[in-house]
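K.L.:
Before I ask anything, here is the structure I am working with.
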Amino acid sequence: MELLKQRILEVGVIVSDQVLKLDAILNHQVDPTLIVEMGKEFARLFREAKPDKVLTVESSGIPIAFATALQLGVPMVFARRKKTVTMDQDTYSERVPSFTKGIVTDIMVSAHLLNKGERILLIDDFIANGDAARGLIRIIEKAEAELVGVGIAVEKMFQAGGRSLRERDIRVESLARIASLADGQIRFE
Ligand code: 5GP
């Protein structure tokens, strides 16, 4: 997606060879116009897969998943990272290493929000090693729902996450594919 690549070049901050900061558009401040365009693109890519729901994990996946769900006319569910007093006791929970926080966290979804046989489209902002996506996929499996595909805004091709999912015959679509962040430069594939 050319618009996203352009914006990444404009505002992306290279934190290290492994990490790109997109706080100006995705991860802290949100650019609504760009996010809506991303939602349209994911909807175009996955409409034929007929998702019943879009699933993401808080927090940065939420705007993109919301924009996608709006375009598809389906609900969006986000996995929580913290249990709240209002949350149901009956949850699907998975332990997931957090790439940016360097810790392990539990992600959880109330059981009644994911139903057996529902077609689920997974959306997230970045994929690095694929732990967040795999955790969400395990939750989908526990619910006996069906994963129809994974949409990722920014895929870092030099990390194994996307590849590991494709090797399992999971459809992964990414809007910007970064080949390298080495030498202080963002290189797209
Ligand atoms: P994974 O679980 O695939 O290793 O990492 C994915 C999660 O870590 C994403 O949900 C995203 O929030 C965060 N993440 C991974 N790489 C980056 C990065 O380069 N920049 C930012 N801002 N977040 C990242």
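Just so you know, glycine gets a Cβ as well, placed from its N, Cα and C.
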K.L.:
Just to be sure I read the record right: N27, K156 are listed as binding xanthine in TrEMBL. Which of L20, L34 is listed for the same site?
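P.N.:
Among the candidates, TrEMBL records only L20 at this xanthine site.
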K.L.:
Averaged over the domain 'Phosphoribosyltransferase' (43-157), what pLDDT does the prediction give?
P.N.:
96
K.L.:
Expressed to the nearest Å, what is the distance separating N129 (5-phospho-alpha-D-ribose 1-diphosphate binding site) and N27 (xanthine binding site) at their Cα atoms?
P.N.:
18
K.L.:
Cα distance, A128 (5-phospho-alpha-D-ribose 1-diphosphate binding site) to N27 (xanthine binding site), nearest Å?
P.N.:
15
K.L.:
Using the recorded 5-phospho-alpha-D-ribose 1-diphosphate site (A128, N129, G130, D131, A132) as reference, state which further residues of the same chain have their Cβ within 8 Å of the centre of those residues' Cβ atoms, listed in sequence order.
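P.N.:
The answer, listed by sequence position, is P97, F99, I127, A133, R134, Q159, G161.
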